[in-house]
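S.K.: Pulled the feature table from TrEMBL, pasting it below:
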- B:8-104: domain 'Pseudouridine synthase I TruA alpha/beta' (DOMAIN)
- B:52: active site, nucleophile (ACT_SITE)
- B:111: substrate binding site (BINDING)
- B:144-245: domain 'Pseudouridine synthase I TruA alpha/beta' (DOMAIN)
């Protein structure tokens, strides 16, 4: 069976998340149903990251084994035709080797978190940004964020439901920059704990309002206790941007 | 009665347009109902531009006379609280002079038109861009667009329903630039004919695909006949960006 690698964009708002669940529609289910209509039998998609409900993707990577061979461009077109009106779009689909695994072969995942900092709530970007009515000092956030970069025990930023074997991860980059009315947080690592990006953003926002210093953020990290860190930032501001693989 | 100047962002998708109409909800109606709940009596909003159904605004300017005085920041907050969940946000509201008129005092209007040029349809920006599956040559479009800049009879780009006294307008700027997967068209003039921007974009897209040359665009302009120009580009790609006034 040929294996295909896909790059996928989706609006997370109407979904319970990437993964199939009993309580509502998932991105995985939308893709699998579209593929089943093309191939005539059930297939299984595997993604680089299992995003939560409301989390978006600009370039999620997934793979699927199909019982029939389709020209690369034709597969993306056919999936997109069957996916409508679900807000999921296959940007690229290509034949790949059997040893490629979207999750296990991935060596780097990149996320973007968008915070809209203005008095008025968003009209055009509702559900696409975290609306933070108070202003945030992006420079202070960026400076403090460097405390979290590197090899650490991230227990303070780990959701209780996290299924990872260890809370120790290496965070390769955590950058904060102002972009007009928005503050953008970008995070890059081989892998993340459950809710790690949203929990780091929630604490960085405390730095941005001046409530926390970089030393407070360091103390939260060193406590290795979820209760020591800030709140979880909302899902709607988070975007899975891209996944990198060894051959690239 | 104090007069207030407002800057307003809205998602045009759920509205019949700016102006009140019998066939559905309008942005004007949403604002007037919010203001009536604050003031206890009917009020009337006047906008710099009467956008069509589906057309968005990043910074529409309007004015309203209110039967009571409110601190500037408080008016915006109160309107926003009453506007929810309608996708309309008042970004700024300030006390202004009685001689200020959002429509008649305006000396320049600026529009942005977003075209997404890629094979896959938009998942995140559905209803926010014109999806054009074929690629477009933005440089060729920009060069041809200069044919339209200046003082011309724009009858070829004027909707049949247009109520303007004359088809002669001065187009101050028409620029086309590529922005990653999108092509952005910006247009600036004191005023525009009905559908003028969308009709110019529809013709520029013919240039972008190579079907038309700059000479074809010039011939369409000189024909002074709507039938000589290209189709009307969809409303969803158009944004009213800003309005400029003499004092600024």
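In case you wondered, yes, glycine gets a Cβ from its N, Cα and C as well.
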S.K.: Looking only at the domain 'Pseudouridine synthase I TruA alpha/beta' (B:144-245), how are its residues distributed among DSSP helix, strand and coil?
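M.R.: The counts are 34 helix, 32 strand, 36 coil.
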S.K.: Let me know the model's mean pLDDT on the domain 'Pseudouridine synthase I TruA alpha/beta' (B:144-245).
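M.R.: Its mean pLDDT is 97.
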S.K.: For residue B:111 (substrate binding site), what is the tally of other C-beta atoms lying within 10 angstroms of its C-beta?
M.R.: 26
S.K.: What's the CA-CA gap between the residue listed as 'active site, nucleophile' and residue B:111 (substrate binding site) in angstrom, rounded?
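M.R.: Spelling it out, the Cα of the residue listed as 'active site, nucleophile' and the Cα of residue B:111 (substrate binding site) are 13 Å apart.
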S.K.: Report, as a single number, how many Cβ atoms besides its own are within 10 Å of the Cβ of the residue listed as 'active site, nucleophile'.
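M.R.: That number is 19.
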S.K.: Which three-state DSSP class does residue B:111 (substrate binding site) fall into?
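M.R.: Looking at the DSSP assignment, residue B:111 (substrate binding site) belongs to a strand.
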S.K.: Using DSSP, how many residues in the domain 'Pseudouridine synthase I TruA alpha/beta' (B:8-104) fall into helix, strand and coil?
M.R.: 25 helix, 29 strand, 43 coil
